[in-house]
Amino acid sequence: MCTPCCISQLACCCGSAACSCCCNCCPTMKQSTGTRIMYAFYFLLVTIVCVIMMSPTVEQEMRDNIPFYNQMCEKMKAGENCKTLVGYSAVYKVCFGMACFFFFFAIFTIRVNNSTGWRAAVHNGFWLVKFIVLVACCAGGFFIPYEEIFLEVWRYIGAAGGFIFLLIQLMLLVKFAHRWNTNWSSGVKHNRLWYAALAFVTLMLFSAAVGALVFMGVFYTDPEACLLNKVFLGINGSLCLVVSLLAISPCIQKLQPTSGLLQPGVISVYVMYLTFSAFSSKPKEMVERDGMNTTVCVFPINSATESDTKIVTAVGAIILFGCVLYSCLTSTTRRSSAALRVYGNSEPEIERARCCFCFGNDTDDYDEEKTGGGQNVTNDEREGTIYGYAYFHSVFFLGSLYVMMTVTNWFHYDNHKIEKLLDGSWSVFWIKMVSCWVCLFLYMWTLVAPMVFPKRFEA
């Protein structure tokens with residue numbers, strides 16, 4: 001079993017064969033899924049490198065534990081204590097290389113509609129070669145001339161690309177909320193338990209949103225300070241109430257019978273999360289009490305021990321990675337690509353109520369390929385591509401810029417360290433607050449658009 005598996009892995013790394021695990025007990029995997037997982041793995045690998053580069057703790061550990069660290073840095077011409085390999089400038093250069101890698105493949109795979117051509121073979125295989133190319137791109141960023149000009153220009157390109165990625169993420173969230181409600185509502189006709197599931201999940205979502213609102217009202221407001229927190233908490237809470245009432249209003253129900261409270265529940269929870277994240281990202285405010293400066297409107301755990309702060313930072317980093325990977329992988333299906341065209345509805349589909357509706361139907365039969373005695377891989381792209389290759393790489397290109405800006409704290413990168421991922425920055429505060437309003441506007445538009453353009457939404 002070992003020899004055939006090694007041969008199949010060699011064909012995967014240096015040829016167009018599909019990659020798989022060497023274990024027979026692993027479930028059957030689709031070729032399109034395996035390809036996207038491999039690209040996501042590369043993306044995550046580079047992201048981890050960027051996080052390490054921004055961490056002074058890791059830098060100090062390397063100095064203390066690697067013998068002849070200084071001499072090694074000098075021989076590599078990386079400056080004193082490898083200064084050029086750490087900090088925001090190093091992250092910009094590495095992310096520039098990763099962005100170039102995905103941008104090249106986005107151009108390379110334009111108009112690839114089937115998996116039989118040589119361009120599709122390159123996209124789905126040759127993983128070792130592509131890994132070497134990715135490493136070369138990331139390393140090449142350190143040899144760019146006119147470094148100061150490059151960093152300044154790349155900074156604004158990264159900000160623009162990161163914001164576009166945020167918009168895509170918000171649009172997909174709105175589509176996700178609509179599809180969730182449509183899918184589960186379709187099951188009500190056959191089984192009334194789906195109605196109970198809808199009601200229960202809706203109740204939980206609104207309970208979480210109201211709980212978050214109360215939590216922020218208690219810990220992120222103060223009678224003597226935090227005026228912005230009070231204003232924006234009131235605005236965002238009111239807007240969530242408005243969209244919830246709008247979703248169940250008779251004029252909306254007439255044109256969109258499937259519109260209900262589940263969608264505004266999902267949107268409200270996400271808006272509350274963004275609001276909480278924005279308040280956590282705002283610079284701390286101080287008030288004088290009993291002759292002492294006291295920090296107000298902060299997350300309660302910030303006043304605890306250092307270990308608690310590290311836990312909060314770790315959770316924040318995990319949420320960042322999870323959101324980026326989820327957006328990159330789920331936004332590249334045919335259904336999600338069509339979701340970004342918000343002007344019209346796609347052709348009606350036969351919905352089958354399922355708990356895991358977001359992963360699509362698995363009822364189609366595909367040809368199964370044996371991979372050297374290991375995991376079986378099904379070729380689900382014989383008749384055509386399951387997802388847009390060029391669009392897939394474009395989303396990862398924008399995701400690279402988003403990670404670059406987030407890890408370096410958007411515009412305040414000079415003194416930023418990864419351990420202070422949740423520390424204050426006005427730029428991060430306003431970006432997240434604007435994202436709240438954009439998300440609410442996009443959802444509101446999906447509700448009122450059929451009334452504004454009735455002909456475009458006619459069946």
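Cβ coordinates are placed from backbone N, Cα and C, and glycine is handled just like the others.
Feature annotations, courtesy of TrEMBL:
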SIGNAL    1-19  signal peptide
TRANSMEM  39-58  transmembrane segment
TRANSMEM  90-113  transmembrane segment
TRANSMEM  125-144  transmembrane segment
TRANSMEM  156-174  transmembrane segment
TRANSMEM  194-219  transmembrane segment
TRANSMEM  231-248  transmembrane segment
TRANSMEM  260-279  transmembrane segment
TRANSMEM  311-329  transmembrane segment
TRANSMEM  389-411  transmembrane segment
TRANSMEM  431-453  transmembrane segment
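Put simply, of 39-58, 156-174, 231-248, the stretch with the most CB pairs closer than 8 A to the transmembrane segment (90-113) is 39-58. Across 156-174, 194-219, 231-248, 389-411, 431-453, stretch 389-411 shows the highest tally of CB pairs under 8 A with the transmembrane segment (39-58). The listed stretches are 194-219, 231-248, 260-279, 389-411, 431-453; of these, 389-411 has the most Cβ pairs under 8 Å to the transmembrane segment (156-174). Sequence-distant contacts of the transmembrane segment (194-219) (same chain, at least 6 residues past either end, Cβ-Cβ under 8 Å): 181, 184-185, 187-188, 229, 233, 237, 240, 244, 260-262, 265-266, 268-269, 271-273, 275-276, 279, 297-300, 353. Only pairs six or more apart in sequence are counted, and the transmembrane segment (260-279) with the transmembrane segment (389-411) gives fewer than three Cβ pairs under 8 Å, not enough to call it a contact.
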